[in-house]
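Peer 1: Found this in Swiss-Prot, in case it helps:
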BINDING   Arg48, Arg54  NADP(+) binding site
BINDING   Arg132, Ser133, Ser134, Asn244, Ala245, Gly289, Lys304, Pro305, Thr306, Ser307, Ser308, Arg330  FMN binding site
Amino acid sequence: MSHNTFGHLFRVTTFGESHGVALGCVVDGCPPGLALEAEEIQAELDRRKPGQSRFTTQRREPDQVKILSGVFGDDRTGGRQLTTGTPIALMIENTDQRSKDYSEIRDSYRPGHADYTYDAKYGFRDYRGGGRSSARETAARVAAGAIARKVIPGITIRAALVQMGPHAIDRANWDWAEVGNNPFFCPDAKAAALYESYLDGIRKDGSSVGAVIEVIAEGVPPGLGAPIYGKLDADLAAAMMSINAVKGVEIGDGFAAAALRGEDNADEMRAGNDGRPRFLGNHAGGILGGISSGEPIVVRFAVKPTSSILTPRQSVNRQGEEIDLVTKGRHDPCVGIRAVPVAEAMMACVLADHHLRHRGQVGDRV
């Protein structure tokens, strides 16, 4: 299986399966001399790890990260661990696999999952928990994202769940401080209360629901990205689409821009106090012509409902026989919840990569 590496200069390669011994990543291209401790990576992983509320999978994984290479410290660094510029290898052991839950479906194709397509491509697959196609793989991305943030210290990246099922937040109530106060990473306290009762009903039905996640990067300087095939927004779209269960991505106003007139969509400019243009709006989501404008970068993506549900579903098996299938195992009733820290990580990886590419092409000019 190829295509396990993301990025050009800041390169992230992930490895591992849902029920394997461990998963992890190798980060190549991280500059030397950056302070990096396992605790900083762990803090990000703790936001994503399962089993923290009744609204996520009850699989209990501590997701303890181990740094295997790429950092070093001694008396000259004051005991701090600094990146050496060599590949940084991270490992997260799996400790709570329950593979027996999947023995009955090893020859069956679960509707909505990648079982059939993996079989069609490779002729062989790890059916335990979805193997490589499981969202468990995203733990490695979150770990890599913690390193990426070190490369772009002046940029703030935050994400939130802004819609669950048909219920969108009231943007007038947006408060970033609320994101850490509820299990949904929701910036609207009233919406979070609604989501609690709504998702309880979904769980009791043995069903699932989708979500919309919004991720915003502030402090991005103008100039990141390149025309045509190196567009920043193209790489961001690819990064978000690579997250499990994501079915659509938009930047700025996205699809809503199709309903606007030209004078409503184009962000007007005036002279700023720093000599640069000051934008009067941000319909473009911080990117023009594939290059960052200096405005906040705004990306949203849609996450489909978790395909593993208790309702019997029609399917077929490897022998071509028609079957009715009930999926067992432990699953998220809304996989979009834990996609929030994953979205931040992918934004960080893309921006770190483009920061290094920009510096390599034009120096430190911003």
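Using the three backbone atoms N, Cα and C, a Cβ is placed for every residue, glycine included.
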Peer 1: With every protein chain in view, how many other Cβ atoms are within 10 Å of the Cβ of Arg54 (NADP(+) binding site)?
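Peer 2: Neighbour count, Cβ to Cβ under the 10 Å cut-off: 12.
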Peer 1: Going by DSSP, give the three-state secondary structure for Ser134 (FMN binding site).
Peer 2: coil
Peer 1: Return only the integer: C-alpha distance in Å from Ser308 (FMN binding site) to Arg48 (NADP(+) binding site).
Peer 2: 19
Peer 1: Looking at the binding-site residues Ser134, Thr306, which one has the fewest other Cβ atoms within 10 Å of its own Cβ?
Peer 2: Ser134
Peer 1: Please report the distance from the Cα of Arg132 (FMN binding site) to the Cα of Arg54 (NADP(+) binding site), rounded to the nearest angstrom.
Peer 2: 25
Peer 1: Find, for the listed binding-site residues Arg48, Arg132, Lys304, the residue with the lowest Cβ contact count at a 10 Å cut-off, counting only other Cβ atoms.
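Peer 2: Result for the binding-site residues Arg48, Arg132, Lys304: minimum number of other Cβ atoms within 10 Å at Lys304.
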